Structure formats: structure tokens, C-alpha cells
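According to Swiss-Prot, the protein has these features:
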DOMAIN    12-193  domain 'Exonuclease'
BINDING   15  Mg(2+) 1 binding site
BINDING   17, 186  Mg(2+) 2 binding site
BINDING   17  substrate binding site
SITE      113  site 'Interaction with single-stranded DNA'
SITE      124  site 'Interaction with single-stranded DNA'
SITE      128  site 'Interaction with single-stranded DNA'
SITE      142  site 'Interaction with single-stranded DNA'
SITE      148  site 'Important for interaction with ssb'
SITE      181  site 'Important for activity'
DOMAIN    202-349  domain 'ExoI SH3-like'
SITE      214  site 'Interaction with single-stranded DNA'
SITE      257  site 'Interaction with single-stranded DNA'
SITE      299  site 'Interaction with single-stranded DNA'
DOMAIN    350-413  domain 'ExoI C-terminal'
SITE      363  site 'Interaction with single-stranded DNA'
SITE      366  site 'Interaction with single-stranded DNA'
């Protein structure tokens with residue numbers, strides 16, 4: 001086994017199996033990870049461990065049937081969620097780590113954030129501090145299929161559309177994947193799929209790895225000159241190769257990580273007519289999003305590329321019409337009120353939700369520095385003495401979080 005050096009850039013491939021599919025309300029059952037070097041060579045033994053659910057939670061039987069991990073098994077072989085989170089935190093916080101999985105941006109990373117939030121670890125720093133970052137092999141596969149599909153066998157689902165299920169891809173490409181929905185097996189399979197892309201399309205792999213961080217993505221965005229870019233996302237659907245050409249038009253006034261763009265594959269005339277009035281109704285805003293307004297979160301590792309990646313030989317396959325796209329851009333430029341109204345509409349659109357359940361409120365703001373000091377005290381306190389801690393928190397979420405933290409992890413104390 002190669003001795004891992006913290007200064008060496010590396011990948012940490014990881015996966016959860018869970019007792020349900022809701023990333024905030026459902027609980028983890030198993031965590032597994034394998035560390036590789038930058039060339040995807042395994043440099044450490046796999047790590048895996050289990051977490052038993054707290055007494056206030058009922059697992060989803062359907063998930064148990066899929067994973068074959070029962071609550072009884074985790075009770076016997078696992079730990080409470082606090083100790084489970086501590087182990088994961090220590091692994092993820094090793095410097096120069098690119099944390100990567102298969103659909104991790106939408107699922108596994110959200111599980112990580114929520115278990116850290118519930119157990120008084122910072123929910124975010126693991127993905128950026130000490131040179132760390134994150135990436136998603138599923139999104140890389142979507143980009144490969146849309147932009148450079150040669151060399152990989154692409155399976156079809158029952159509807160005749162390309163399937164991006166990990167088990168389908170491994171089967172079609174003769175990759176060993178013995179036990180799907182076992183976290184260790186899924187991690188090995190993800191590494192092999194990543195190796196396949198790197199081998200068959202090395203330039204694509206290296207390009208998207210290089211621009212995975214938002215500071216690199218910013219360089220692709222040119223609002224002043226109305227430069228369109230390619231955006232790869234499941235949002236557009238497999239029938240459209242999970243791809244569109246978008247025109248960035250503005251930054252969200254309330255969140256600098258959100259880019260407002262227009263989907264140029266949509267009917268732009270209709271969208272412009274919709275925005276002749278300013279309306280803040282939630283149904284109207286949903287209609288705008290359905291009609292071509294795109295809110296793109298640069299801190300969620302979106303797959304973006306310059307329009308030049310589309311070669312002429314790709315036009316027919318992708319139903320890509322550059323002349324039509326240019327006409328739509330000119331139409332937007334002639335209707336500058338449209339951009340201003342879009343900015344106003346979304347500047348007033350406050351998406352902060354009041355769930356009245358602290359487990360769902362991770363995104364209702366950051367904790368201030370005083371609360372962070374109190375959080376550190378809680379985490380460093382022996383469970384026996386937690387009942388003696390009386391914190392006057394600034395953030396109203398923390399009182400309920402602290403109560404649940406004690407009840408779920410240290411009930412006997």
C-alpha cells in the first residue's frame with residue numbers, strides 16, 4: 001500500500017447507503033470510501049462502517065429491501081450518528097482531497113452536509129478548506145455522452161433512452177460490479193467508470209476536472225459580450241442529451257453563487273413577452289423557470305463548457321443550430337428590459353422556507369462566530385456533562401438542534 005501524503009493531491013471516492021431517499025430527514029446506514037492518487041490508482045485500503053438510526057426515526061422498508069442493511073444489523077455493527085459523523089469528518093478533512101462519487105452532488109454530499117449539521121460539525125468546510133474540492137462522476141458521464149461519446153458503451157433503459165444507472169453502465173462496459181447498492185462495491189465501480197472515461201476521453205476528463213471549482217467556472221462567463229456556453233445537466237433530460245446552450249445574463253442579487261441564464265433551446269419570444277410585466281407570484285416564477293430561465297449554482301460543480309466544444313460533426317446528433325441560437329441572442333440584446341425585469345423578479349424571490357422542523361433548516365443561513373464557539377464547546381464536551389451546558393444561542397435553530405443531538409446520540413446521559 002502506498003503511504004498517503006497529505007500534500008499529495010488525491011481523490012476520495014465515497015458512497016452512502018441510507019434508510020431512505022430524503023437527504024435531510026432520512027438517516028445513513030453505511031459509509032464507504034477509497035482514496036486514490038490523481039491518476040486513479042488506489043493508494044489506501046477501503047474504509048467502511050455503519051450507523052444505527054436513532055429511536056425517533058422509522059426506516060423506509062423499501063430502502064432496506066434494496067440495500068439489505070437492516071436497523072438490527074447496524075445496531076450490532078455500527079455507531080450512533082455523532083461517532084459516525086466524526087469518523088467521516090476526519091476522513092474528508094485531509095488536505096488536498098477531491099471528494100467524488102456517483103450522483104454525490106445531489107445526494108451523498110447532501111447527506112454529508114446534513115449529518116454534520118445535526119451533529120455540530122461544519123457542514124461545508126470539508127469541500128473547500130485546505131485545498132479540498134468536490135466533483136461528480138455522474139455529471140462527467142453525462143458530459144462525455146453529450147460531447148465525446150466515442151469509446152464507451154451507452155446502455156438503454158426500457159424507454160429506449162440512455163441509462164446512467166451505475167449498474168447499467170458497469171454491465172454494458174464489462175466492469176465488475178458484484179453487489180450493487182453495497183457502498184464498498186459501488187465505490188469500486190465508480191473508480192472503474194472514472195478510469196474508463198479517463199482512458200477513452202482523457203482530454204474531456206482533464207478539462208472538466210480542471211474547471212470543477214467555481215473560481216475556474218467564473219472564467220467561462222462573459223456577461224458583457226453575451227457569450228453563450230454549454231451546460232450539461234439532467235434538468236434538460238436524456239432526450240436532449242442532458243444538454244443545452246445557455247446565455248448568462250446576470251448574477252443573482254441576493255446570492256453571488258447563482259448565475260441567471262436563458263436556455264437558448266427554448267422559445268425566447270414567448271419568454272420575453274412573459275417578462276413585459278413584473279410579477280413576484282410563485283406560480284409565475286415557476287412558469288419562467290419552465291419556459292427557459294435557468295438558475296445555475298456555481299458552488300454545486302455544474303458542468304459548463306465553451307460553445308466551441310460542439311464540433312460541426314456533432315450538430316446533427318445534438319440537433320444543434322448555431323444560426324438559430326445567434327438569432328435568439330440578438331433578440332435578447334434588442335430587448336434589454338427583459339434582462340432588467342428578470343433581475344428584479346428574482347431579486348425579490350426569497351426562497352428561504354419555514355419548515356418548522358430544524359432538521360430541514362440547514363440552508364436557512366450560516367451560524368455566526370459566537371454561535372460557532374458554542375458549537376465547538378458542545379462538540380468537545382463529554383456526553384456525561386452535556387446536560388450542564390446552557391447556551392444562549394443567537395440562532396434559534398441551535399436550541400432545537402442541541403436537544404435532538406443529546407436525545408438521539410446520548411439518551412442515557
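Using the three backbone atoms N, Cα and C, a Cβ is placed for every residue, glycine included.
Features as recorded by Swiss-Prot, highlighted on the structure.
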{"residue": "17", "record": "Mg(2+) 2 binding site", "DSSP (3 states)": "strand"}
{"residue": "113", "record": "site 'Interaction with single-stranded DNA'", "DSSP (3 states)": "helix"}
{"residue": "124", "record": "site 'Interaction with single-stranded DNA'", "DSSP (3 states)": "coil"}
{"residue": "142", "record": "site 'Interaction with single-stranded DNA'", "DSSP (3 states)": "helix"}
{"residue": "181", "record": "site 'Important for activity'", "DSSP (3 states)": "coil"}
{"residue": "257", "record": "site 'Interaction with single-stranded DNA'", "DSSP (3 states)": "coil"}
{"residue": "299", "record": "site 'Interaction with single-stranded DNA'", "DSSP (3 states)": "helix"}
{"residue": "363", "record": "site 'Interaction with single-stranded DNA'", "DSSP (3 states)": "coil"}
For the recorded sites 257, 299, the one whose C-beta sees the most other C-beta atoms within 10 angstroms: 299
Under 8 Å by Cβ from residue 113 (site 'Interaction with single-stranded DNA'), counting only residues of that chain that are 6 or more apart: 123, 124, 362
C-alpha spacing of residue 299 (site 'Interaction with single-stranded DNA') relative to residue 257 (site 'Interaction with single-stranded DNA'), in angstrom: 6
Residue 186 (Mg(2+) 2 binding site): tally of other CB atoms within 10 A of its CB: 24
Between residue 15 (Mg(2+) 1 binding site) and residue 299 (site 'Interaction with single-stranded DNA'): CA-CA distance (Å): 20
Mean of the pLDDT scores, which run from 0 to 100, over the domain 'Exonuclease' (12-193): 97
Cβ neighbours within the same chain of residue 17 (Mg(2+) 2 binding site) - under 8 Å, at least six residues apart: 28, 29, 30, 67, 69, 181, 182, 183
Spatial separation of residue 363 (site 'Interaction with single-stranded DNA') from residue 142 (site 'Interaction with single-stranded DNA') - C-alpha basis, Å: 28
Proximal residue to residue 366 (site 'Interaction with single-stranded DNA') among recorded positions 15, 128, 148, 186, 214 (C-alpha distance): 128
In sequence order, the recorded positions (15, 128, 148, 214, 363) whose C-alpha falls within 10 A of residue 186 (Mg(2+) 2 binding site): 15
